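Annotated compositional bias 'Polar residues' per TrEMBL: 363-372, in sequence order. What TrEMBL lists as region 'Disordered' is 363-382. Feature annotation from TrEMBL assigns compositional bias 'Acidic residues' to 373-382. Feature annotation from TrEMBL assigns domain 'Recombination activating protein 2 PHD' to 413-490. Residues annotated as Zn(2+) binding site in TrEMBL: Cys418, Cys422, Cys445, His451, His454, Cys457, Cys477, His480.
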Amino acid sequence: MSLQMVSSVSNSSLLQPGFSLLNFDGHVYFFGQKGWPKRSCPTGVFLLDIKQNELKMKPAVFSKDSCYLPPLRYPAICAYRGDTESDNHRYIIHGGKTPNNDLSDKIYIMSLISKSGKKSTFKCIEKDLAGDVPEARYGHTINVVQSRGKSMSVIFGGRSYVPLGQRTTEKWNSVVDCSPSVFLVDFEFGCCTSYILPELQDGLSFHVSVARNDTIYILGGHSLQNNIRAPSLYKLKVDLPLGSPAVTCTILPGGISVSSAVVTQTGDTEFVLVGGYQSENQKRLVCNTLILEDNKIEIVERESPLWTPDIKHCRMWFGCDMGNGSVLLGIPGDNKQMISDANYFYILRCREAEEDEEEELTAQTCNQTSTEDPGDSTPFEDSEEFCFSAEANSFDVDDTYNEDDEEDESETGYWITCCAHCNVDVNTWVPFYSTELNKPAMILCSSGDGHWVHAQCMDLSETMLLRLSQANVKYFCNEHVDLNKGLQTPKKVGQLKKQPMKPLRKKKAMKLSPVKKSFLRRLFE
């Protein structure tokens, strides 16, 4: 086993505990960044290119028919290949935490559909499930078993939030162990079935699971209810006949007390267990080899690498399987780096030296973009790559993208503070309107030289937002709408035309007959 350090210069804050790595034909991709994706990589999926002790993160793209995939930390992930040899290599992603600390209950299937030069294109599909659908959770595992020519996924363990009816203000984000049920997921029909097994009494999270054919071995894990890391070892056997599936569980001796460990496969039947914790404040520096054959598991201790003093003395560490017998490990940078949340990273290779040399030769053959870019490669819109290097001057900064050179979207662009009551934060924002994907909807206020505001902060309904975007009218934000009314010049009102008054007609004198005149004289005398 060999340990190689990859020191980060900048942007390592994206890699935090809970990230995941996907290996497609020897190419490793990073998923599950801290915070919501920015303009530099809206998908949140990066290709990890490691050359000469440098780690470069190159943004990947999704096909047009892909669904939206949020950055999920601590999800359950496993590789999956269909029942036929022609099926492409895929990954199943279930659950996990979003940057808002919401838990996901969705299940996604990711496949790499093309890779040319620097551009990697993925297709992501959200799978609809029915039946006993597992609740939203994190820190659990998912494996694929094969029996009688059929395959199914098995979900077990994890943590979830306290049910809404039991949550209080003080303990709103309190988590509990999920019930120790075993879920079988049939992707062909989208059906889920849960099984309650008497051997599984306590919920487990951050355990290890390895599968071979129709058998899954569950090792270690942490129980919140008892606050212990029991040296448990369970054997799940799944039978898939023509009728209903059958699931059995057997408790085996010789387990290991560990949680949050990483498992990487080094051979057809051989796995290596690395890292994790054996108690609340004690890391597990011992490594083990897991051998799965003849329907049994053998766990033997193996020689550990020469851990550096930084690894030995740090309180926490984290990592993920890179595939091909390699593990990416991270430890906190503390105050040794200028960036407070930056981390140190190491690559642990668990294969023998001869196998590592063959792997390096294969990687060099597959990746010919180490020193110069192909002329016909398609550039990315906003950025090409994030760089991690052992030394700041070990590469030409002008030829490599640095996130610090990009416009700070927390102060400009979509992530501005548009008003005094703005509640849009790049790290906590979630889509509000149906038209939003990974950026908040904005509208131009016509006051003065004009400025952009978030439609959500202006309390605009989706119907009104669509009308304003389609109509050719000026819009004024909540702060300027009253001011705009006060500054408007009143419309000129034309003078009212006065109708000339008609002159009064003189009354004509009454003509009296001589008889009437004589009568009137006599009356007044």
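Cβ coordinates are placed from backbone N, Cα and C, and glycine is handled just like the others.
Curation plays no part in TrEMBL annotations; they are all automatic predictions.
Note: the Zn(2+) site is recorded as Cys418, Cys422, Cys445, His451, His454, Cys457, Cys477, His480; in the same chain, Cys419, Ile443, Trp452, Val453, Met458, Asn478, Glu479 also have Cβ atoms within 8 Å of that site's Cβ centroid. Averaged across the domain 'Recombination activating protein 2 PHD' (413-490), pLDDT for the predicted model comes to 77.
Annotation: His454 carries the greatest number of neighbouring Cβ atoms among the binding-site residues His454, His480 [cut-off 10 Å, Cβ to Cβ]. The binding-site residues under consideration are Cys422, Cys445. Their Cβ neighbour counts within 10 Å are lowest for Cys422. In the structure as shown, the Cβ atom of Cys457 (Zn(2+) binding site) sits within 10 Å of 19 other Cβ atoms.
In the structure as shown, the Cβ atom of His451 (Zn(2+) binding site) sits within 10 Å of 15 other Cβ atoms. The Cβ of Cys477 (Zn(2+) binding site) lies under 8 Å from the Cβ of Cys418, Cys419, Cys445, Ser447, His451, Val453, Met458, each on the same chain and at least six residues away in sequence.
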